[in-house]
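Below is one structure, written out as C-alpha cells; the observations come after it.
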Amino acid sequence: MNVLDIRGLTKKFGNFIAVDNISLSIREGEIFGFLGANGAGKSTTINMIASLLRPSSGEILILDRDIAKQSRFAKMNLGMVPQDLAIYEDMTSYENVSFFAGLYGLRGTELKDRTEEALQFVGLADKAKSYPRDFSGGMKRRLNIACALAHKPKLIIMDEPTVGIDPQSRNYILNSVRKLNEDGCTIIYTSHYMEEVEEICSRIAIVDHGKIIAEGTKEQLTATITDMKDIRIEVKSLTDVPADQLRLIPGVRTVRLDEMEPVIRIHSDAAVDNLNRILKELIASGAEIRSVEEQEPNLETVFLTLTGRNLRD
Amino acid sequence: MNNIVSIAVKEIKHDFRDRRTLLFMLAFPIVLMLILGLALTNAFSSNVKLGEMKVLVKDTSHGGPLADAFTSFTAELKKSDIHFETIKKGVNGLEEIRQNRYDGYMELTDSGISLYGNNQSAIEGNVIEGMLKAFTDKYNAVSAVAKVEPAKVSQLFVPSASANGSYIKETSVNANRQPGSMDYYAVAMSVMIGLWGAMSAGRLIRSEIVQGTAPRLVATPVRRSELFAGKVLGSIVQNFLCVLIVVLFSKFAFGAYWGEHLGIALLILLSEVVMSVSLGLGVSYLFKGKASTGILLLFVQLASFFGGAYFPVSVSGTDMANYIVLASPIRWANHALTELIYGQSSVFSAAWPAISLNLGLAVLLLAVSAVFMRRKEGL
C-alpha cells in the first residue's frame with residue numbers, strides 16, 4: 001500500500017518553477033531519502049505535502065486520499081519535523097508536546113499518555129518540566145521530533161532533523177528514526193549528511209532543478225555510476241594538504257577534506273589513471289600519508305555525477 | 001472550539017511568562033500612574049488653601065446692639081482662623097493695609113461698618129467681605145424684626161445658630177465630583193494599556209513565523225480560522241487581564257475613583273481591547289515584517305499623546321489638532337469613562353458610543369485580516 005502518491009506536482013512562484021512535474025510513490029514502511037542541494041525544490045515539495053504551500057498543479061494523495069479534498073484526514077496522518085526548530089521556548093517540554101498533540105484532537109488521559117510516551121521515546125521524560133531554553137541543541141532537536149510523534153502519524157516528514165547537533169544526539173535521533181520505522185511508521189527523510197541517508201534510507205530520490213533526476217535503492221543508484229571512482233586518503237594532518245593543487249590534476253572532479261578523521265576524499269573520472277600524481281603532490285607538500293583506498297562509488301558520487309555539484313555546495 | 005481554547009490558553013501562558021511583556025503592560029503603567037498622579041496633584045485640585053486671616057478693627061461706636069452683635073460675630077469667626085485686632089492709637093489702618101500687614105480693615109461707627117480690602121490678598125478680602133455682608137444682612141433683618149416684634153429678636157440671634165458655617169454659603173460652578181490627579185491617571189493609564197494591546201497583537205502571527213512554529217501549526221488539522229480565532233481570543237483575554245489588574249490596583253492600592261458603574265467601565269475597556277487587538281492584527285496583515293511594528297508603535301504613541309494619556313487634552317474649535325485628538329481611540333475611551341464615572345451623562349449615553357465605535361472598528365479590521373489571511377499561503 002502506498003502511503004504517499006504524488007502525481008504531476010508543480011509549484012511556480014511567478015515565472016520561477018520550483019517544482020517541475022514531479023511524480024513519486026512511497027510505500028508503507030519505507031524510510032524514503034529525499035536528496036537535493038539548496039534550492040533544488042526539495043523543501044517546496046515537502047511543504048506541499050504538509051499543506052504549507054498550495055500546488056500550482058498536480059495532486060498529492062496520503063493513504064489514497066487527495067489532500068486538497070480531504071485535508072483533515074491527510075493532516076491527521078502526517079507528522080512534521082521542520083528543519084527549523086518548531087517549539088516554544090517558554091513552554092515546558094511536556095506543554096510543547098501536549099499542546100501540539102491536543103491540536104490533533106487528543107484529550108484527557110489519552111493526551112497525557114501519548115505526551116509522556118513521545119517524551120520517553122526521544123529520551124526527554126526526565127526533562128518534562130524543563131524549558132527548552134535551557135536545553136542543548138540536541139535536546140531541542142529531540143523535542144522537535146517528539147512534537148510530531150504524539151498523535152501517532154502514519155507518515156512523518158523529517159526535514160534535516162540532525163542539523164547542527166553533536167554526534168551523540170545525532171546517533172540517538174538516527175536510532176529513533178529506525179525504531180519509529182520498525183513500529184510501522186513511514187518516513188520521508190531529508191539530510192545534507194549523505195552518510196545518514198545511506199545508513200538509514202531504504203529508497204532515495206535525488207532532486208535537482210525541481211525535478212526528480214534519479215530514484216531507487218542505494219545499490220540501484222550507485223550501480224548506474226560506472227565512470228567515477230572515489231579515492232580515500234587518510235593523512236596525519238590536513239594542514240599540509242594542497243587541496244587547490246589536487247583539484248588541478250586531470251580527472252579530479254572534487255576534493256573534500258574531512259577534518260573529523262582526518263581524511264581526503266577525492267572524486268575522479270574512473271578512466272583517468274591519476275593516483276600516482278595525487279600521491280606525489282601530497283608527498284611534495286609534506287603531508288604524511290597513512291593509508292590509501294580506492295572505493296566503489298557511493299551516494300555522494302552518484303549525486304555529484306548527476307548534478308555536477310556536491311550536496312553541501 | 002477545543003482548538004480555539006487550546007490556542008488561546010497557549011497565547012495567555014506565553015504572554016504572562018514573558019517578563020518583558022509583564023513589565024511593559026503592568027509595572028510601567030502603574031509606576032507612571034503613581035509618578036504623574038503624585039507629581040501633578042496641584043494641577044487637578046480645585047481647592048484654594050487659605051491661611052490665617054487678620055482684620056484690623058477701629059471701633060469708634062458707643063456700644064449698642066450693632067457693637068454687641070459685631071463682638072459676637074468676631075468671636076465666632078475666630079474659630080475659622082479669622083482674627084480681629086483692635087487698632088492701636090496712632091496707627092493708620094489704611095497704611096497697614098497698603099503695607100500688606102492685614103487682609104482687611106474695618107471701621108465700626110454708630111452709623112455702620114466700613115470695610116477696606118487688601119488688593120494684595122484678593123481672595124482673603126473677598127472672603128471677609130462676604131462674611132461681613134452675611135453679618136450685616138442678618139443684622140438688618142434683626143433690626144427690621146425688632147421694629148415689628150421685639151420678642152422674636154432673641155430667636156434670630158441665637159449664638160450657636162450663628163456658628164461659623166452660618167456666615168459662609170458654599171457655592172460652586174460645578175458641584176459634581178471632579179477627578180483628582182490619581183483618578184485621572186488611573187483612567188488614562190488603563191485606557192492606554194488597552195491600546196497597547198495593538199502592539200502585542202501585531203506580533204501574533206509574526207511571532208509564530210519567527211519562532212519557526214508556523215509550519216508545524218499549519219501542518220496540524222486545525223483550520224486557519226480556528227487558529228486565527230484562538231490567537232485573537234487569547235490576545236484579548238491577556239490584554240484585558242492586564243487592564244483589569246491595573247484598574248483594580250489603581251482602585252485598591254492608590255484609591256482612585258472608578259465611580260458607581262465599574263462593570264460598565266470595564267466593558268468600555270474590554271471593547272477598546274477588542275478594537276486594539278483587531279487593529280494590531282489588521283496592520284500586521286497590511287504591512288509586512290517590522291514595518292507593521294513601527295507603524296503600530298507610532299500610532300499608539302501619537303494616540304496616547306493626543307488622546308490625553310499623559311495630560312488632559314481639551315477639544316475646542318475645529319482646527320486640525322482637534323481632529324487628531326478626536327481620532328484617538330484613547331480619547332474615545334477616556335471621554336466615555338470620565339462621563340460615566342463622574343455622572344456627566346447617563347450610563348447608556350456615556351458608554352454606548354465608545355463601545356459601538358470600538359466594536360464596529362474591530363469587526364471591520366478583523367474582516368480585513370480574515371480576507372488577507374485566506375489569500376495567504378501558510379500563516
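Every residue number used here counts from 1 along the chain in the order it is shown.
Placement of Cβ uses the backbone N, Cα and C atoms for every residue, glycine included.
Feature annotation from TrEMBL assigns domain 'ABC-2 type transporter transmembrane' to B:19-369.
Annotation comment: TrEMBL describes B:21-44 (among others) as transmembrane segment.
Outside the transmembrane segment (B:184-205), and at least 6 residues removed from its termini, the chain residues within Cβ reach (under 8 Å) are 11, 15, 21, 24-25, 29-30, 32-33, 36-37, 40, 44, 214, 231-232, 235-236, 238-240, 242-243, 246-247, 250-251, 254, 256-258, 269, 272-273, 276-281, 283-285, 292-293, 296-297, 299-300, 303-304, 307-310, 312, 329-330, 333-334, 337-338, 341, 379. The annotation transmembrane segment is assigned in TrEMBL to B:184-205 (among others).
Residues of the same chain lying 6 or more positions beyond the ends of the transmembrane segment (B:232-258) and with a Cβ under 8 Å from any Cβ of it are 4-5, 7-12, 15-16, 25-26, 29-30, 33-34, 37, 177, 179-180, 182-183, 185-187, 189-190, 193-194, 196-197, 200-201, 204, 265-266, 269-270, 273-274, 276-278, 280-281, 341, 366. Per TrEMBL, the feature transmembrane segment maps to B:232-258 (among others).
What TrEMBL lists as transmembrane segment is B:264-287 (among others).
Per TrEMBL, the feature transmembrane segment maps to B:294-313 (among others).
Long-range neighbours of the transmembrane segment (B:350-373) within the same chain, counting only residues 6 or more positions beyond its ends whose Cβ lies under 8 Å from a Cβ of the stretch, are 224-225, 228, 232, 264, 267-268, 271-272, 274-275, 277-279, 281-282, 284-286, 329, 332-333, 335-336, 339-340, 344. Residues annotated as transmembrane segment in TrEMBL: B:350-373 (among others).
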Intrachain neighbours beyond the transmembrane segment (B:264-287), with Cβ under 8 angstroms and 6 or more residues off its ends: 190-191, 194-206, 231-232, 235-236, 239-240, 243-244, 247, 258, 295-296, 299, 329, 332-333, 336-337, 340-341, 347, 350-351, 354-355, 358-359, 361-366, 368-369, 372-373, 376
